[in-house]
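Report on one structure; see the data block that follows.
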Amino acid sequence: MDDLPPLPTYDEPLKWLNSIKKQRLKGGKTFRTLYRLLKTEVRTMMGWAASTAVVEFLAPYSMLRLLAYLEDPSEAVVHPALWIVLLFVGPTVRSLCYQQYIFTATRLLVRVNMSLVQEIYQTAMRSHIYDDSIGVQSHNELSGRTNKSKTAQKSGQANLTSLMSYDVDAIYNSRDIFYVATACPVSTTIAMVFLYQMLGWPSLLGVVVLFLLTPLPTLASRKISRIQQSVLRATDVRLSKTSEFLSSIRTLKYFGWEPAAINTINNIRGIEQQRLWRRSVHAAGISMAGDLLPFISLLVMFSVFVIFTDNTLHAPVAFTSLSIMETLRSQFVWLSNISRFSAQGAESLRRVDRFFDSAEEKQRHPEGPLELKDATFRRTPIAAFRLRDITLRFKRNALNVLTGPTGCGKTSLLQSLLGETVLESGSATAPSDIAYVPQAPWLQNETVRQNILFYSQYDEARYNTAIKASGLAHDLQQLPLGDSTVVGERGTSLSGGQKQRVSLARALYSESSTLLLDDIFSALDTHTTSLVYKMCFRSGLLTDRTVVLVTSLPVALKDAEMVVRLEHGRVAFVQSSQRTSQVSTPSVEEIEPGSLVSSTPHEAPQDVESLTEHVLPSDAAPEQEVGTRGMAKETSATGRVPRTLFFQYMVMFGGFFYAVTVIMATLTVQFAYFAITYWLSVWTSAYDEYKHPNSIFYLSVYAATIILFLLLQLANNLIYQYGGWAAAKKMHAKLVMAVLSAPISWFDENPIGRAINRFGNDTRSLDTVLIDWLRMSIENWLRFLLRIASIVSIMPIFALPVTTICATGFIIGEMYTRAQISIKRLCSVNYSPVFSHFTDSLSGMAVIRARAGMDEIFQGLLAEKLAVHTRSAEAQYNCNRWVSVRSDFCAASVAAAAGCMAYFRSGSAGLVGFSLTNAIGLSQTILTLVRTMNELEIELNSYQRMREYADIQPEERLNEEEQRKKAEAIPASWPTSGLIEFQNVTARYQNGPDVLRNVSFTARPGERIGIVGRTGSGKSTLGISLLRFVNIVQGRITIDGIDINTILLNRLRKSVTLIPQEPVLFSGDVRSNLDPFNESGDTELRAALSACTFIQPASSTTNTEDSNHHQQQLSLETPVAINGENFSQGQRQVLSLARALCRRSKIVLLDEATASVDQETDMRMQGVLKEVFGDSTIIAIAHRLRTIMDYDRVVVMGEGGIVENDSPAKLIEKRGVFWDMLRSTGEYDELVQLVGKKP
């Protein structure tokens, strides 16, 4: 990047964002807004287009005069050297004019991209993004099937990505409509004048035919526009579902659902491709129309001229007419292509307009104290659940606690305070700057320090205080790079508790006067909860800040100056304390560990100061693999696109023979094209050889060659379109298979935005433009070679200058290639961060918008990333201009050389005309060839990037034969009992340190085992090792006596059910979430759902106007928004349990699965598990000790090994680590009674 020219100040992204916003205020749709914004560029483009159209007739006119001189030198008025000079000057001046047009067009391109992407981003960040404003259809709707239930509307996030990838591209790809709109009328007018002067009144008939046929591409483009609408709807669904699956990849892998997810995406893709094929067929017809119009028009002119007049078709008139019509042909071919691009661009403009029209701007509450008066809120306009008649005035500079059962509206109330919900009635005020910590932590793909600072200035004392108060000092010592460790996308390098505390530290470090903390202790163990609570709420740290804390922690309820209990979306009661401030509470040292209620302490909390001095033993086991490498940089291969890549792509059409067939078909078409010109030379030469040649015969053959060419061209287009369609289908299928089969570590290292770029922009390239650029490149290469060959065959001496000129062109091309290819790849690579920033921002929208001025900071970050991309894009386009001017100079030299050869060597006027026509056409061919090759290499870069991802090593590297043998070796009924044995197991993540050390224990069939221990002890690692998410370097794990390493991954994971800590719901309804891939019947689903009847959805409707008490029964048809937004975190967890019930596995893993629910719901969930999975082996990783007190055994983990392993009663008798953990909960007596034992 350092070698590229800097971005001009007038192209800075933020300037263009401000400009388009000003134009938007004047009213009108996006097209009118863009025109007002870029009218100078548009007018300049049209001016250069008109100039190009005028000067391109210099060469045909010069050829007319030169051929007339060669036919009869006596009638010459000026020396023919003038016409030879104009053969060089005409194409050269035309090139300069056209390159000025392209230069202006590319500046317009980058400005449209910068302006629209930023405006879409800003609108999204300032709007409620909770439904689909673009109209994405469900898979069933696309297939023509209706769903029994009304599918919940999808989030706009995936569709915003589609706007950025597909629609913005389509809009600026249609920019050449300004060229054809200007150049075509000018060229046609000049051509009419020339033709009339040469052919007389017959030319008027040809022009009439031309005008009658001109609407054909336009009419076809309307049909394409309608097809394009259906294509984009299918594309939206595919991208939405792909994005949803990639975001939930861990859930897919936990359940072994990757094959089903792959089938789902491929089915949606199949519907999309059906529509793409319809569009391709129409595109082939439009492409042929570009050839049809000028040739049929010329045929009519010559027919009338020969049959109805007594004139002779001499070579100057014939070949000049042909050259003029060749010029018009290039214009109409371009028109046919642009009409297709314009149809796509017009539909994309309408989609962008629908987005802007439907975007509902988020209104911040008036600035004031944190207060609600008779306020009723709804999460989304279509949600049924409401917070009703809320009147609260939270105490300033005090601890305010929100509590209540699962699904009562606690999170909704916090979001309502932030203005993230719809205020239906009443009033609300809130401070302008709020630090929000959501229950599901949101982190950026940056270092721990950068996440905590959150774009604030670094203050060492404040930073250290935030680190200590959030209990991160000890954790940072475990990380090899400390706070410089990159947390990974969505914090994947950290444990759930660590992510929560980094999110808390971000709020503590902020200067916001108000903190909204949503259940921040749910993912923390007892020791950490004790430490964090004391340092935050009993140290005076938050004395001057208003805190609203969602929790059921008894000590917090005791310490709070205001306690609000919610039930069914209403305030059940408000309890105020007489405390005057947090400073008056006891100091950290005065609080006993047992006074706090939590779940699973490992040891008594140690003094905070000592944590900064404590050095973690080198053999300590982190809970997860630490992200020391951070995100892998996006690969950017050096050098030009491998020449073999062209043929590799063509082989994907249908094999080697299909690729050869494509080449031969193209060659045949080019021979047919040259046959038209050659036969015209034979026809005109016949007048010199015969006194009365049979003009009807020559005309008939000429007409036959034109018709043959048009039919062959149509067939050739269809062959290409089918090949490109088949290649795109195969490439996308490989891409889906490779990405979803990749190991989980790959997703930790690669942002989802990169993958979405492959499924979005790169797939669009294969679907739409790559095949066209390939076809045009091959056609122009063959046309270039045949033109040279035709000239040399008639004038052999021409080989000397053409060889010299072509050698010069080759050197220029190599110089260009060395610089351009790297720039092209930089351009592609630099766009992925824009996608990643976009999706990352939408995920953390509530956190970003809560902080004053933070949305402007993120807007600036997007501008910075766009500036980097724009810098490389402008360098790429300017390189194209450099090589185009020089290649056109070479082409003009060829035309001038041909003129000289014709002047100095006598010959048949027809053959000389044939040679000069090809020499002049060579200029246009080279011009088109350079552009098409440039565009082809750019688009092939998309194919190369998709191939790179398609070659990702799968998680399980087995060929079909090995998979078959493994599958046959395992009984179909396995597992039958659920016996689990860990035999001296040592495991690690990839090449990291050992995280399990010599672990041995046995879980007997039907036994329930609780796994406890503090963060970093290896609890979660022990659980997921059963699913082979870690590398077992020593020992083995068996299930029913079979080593899990000998079992196919998918079979293993479908046989063991994991209920994760972070539940994931998919958009659709409850049925599709319990059984996303239709593996169970409705009877089983209803049984699983009925076992969870204690859960009611937050989206349930009410039976009365003023109450949420009577909610509709949860059913399979209950809609689920994307990410389960219409359910609370706890409710999602319970639905995750219901999903597990459908599988009826012999082995069930619970990874802190009840952390997000209240105590009562936790107990009910445990009751359901005990009843439904009575004969299954259950392993539960738990924070709440209450959860596992009635389990058969408890395994206490510490530093990757087993510290204690026995029944709860015996562990209490031993008075060891587990006993200490019980004592520090503050619920010792109650917990001991649960096991019927109190020593």
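Quick reminder: no glycine exception, Cβ is built from N, Cα and C everywhere.
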Looking at 352-372, 583-603, 625-645, which one does TrEMBL call region 'Disordered'?
583-603
Average pLDDT across the domain 'ABC transporter' (980-1224)?
81
Name the range, of those listed as 76-97, 177-195, 283-308, 649-676, 784-812, that has the largest tally of Cβ pairs under 8 Å with the transmembrane segment (696-720).
283-308
Within-chain partners of the transmembrane segment (177-195) [C-beta distance under 8 Å, separation at least 6 from its ends]:
42, 45-46, 49-50, 52-54, 56-57, 60-61, 101, 105, 203, 206-207, 210, 301, 320-321, 324-325, 327-328, 331-332, 334-335, 338, 341-342, 345
Need a quick answer: max count of Cβ pairs under 8 Å to the domain 'ABC transmembrane type-1' (52-344), which of 370-593, 660-937, 980-1224 is it?
660-937
Long-range environment of the transmembrane segment (649-676) - Cβ separation under 8 angstroms, sequence gap at least 6:
295, 702, 705-706, 708-709, 712-713, 715-716, 719-720, 722-724, 726-727, 730-731, 770, 774-775, 778-779, 782-783, 786, 790, 940, 943
Give the nonlocal contacts of the transmembrane segment (784-812) in its own chain as ranges (CB under 8 Å, at least six residues past its ends).
670-671, 674, 678, 883, 886-887, 890, 893-894, 897-898, 901-902, 905, 907, 911-912, 914-915, 918-919, 921-922, 925-926, 929
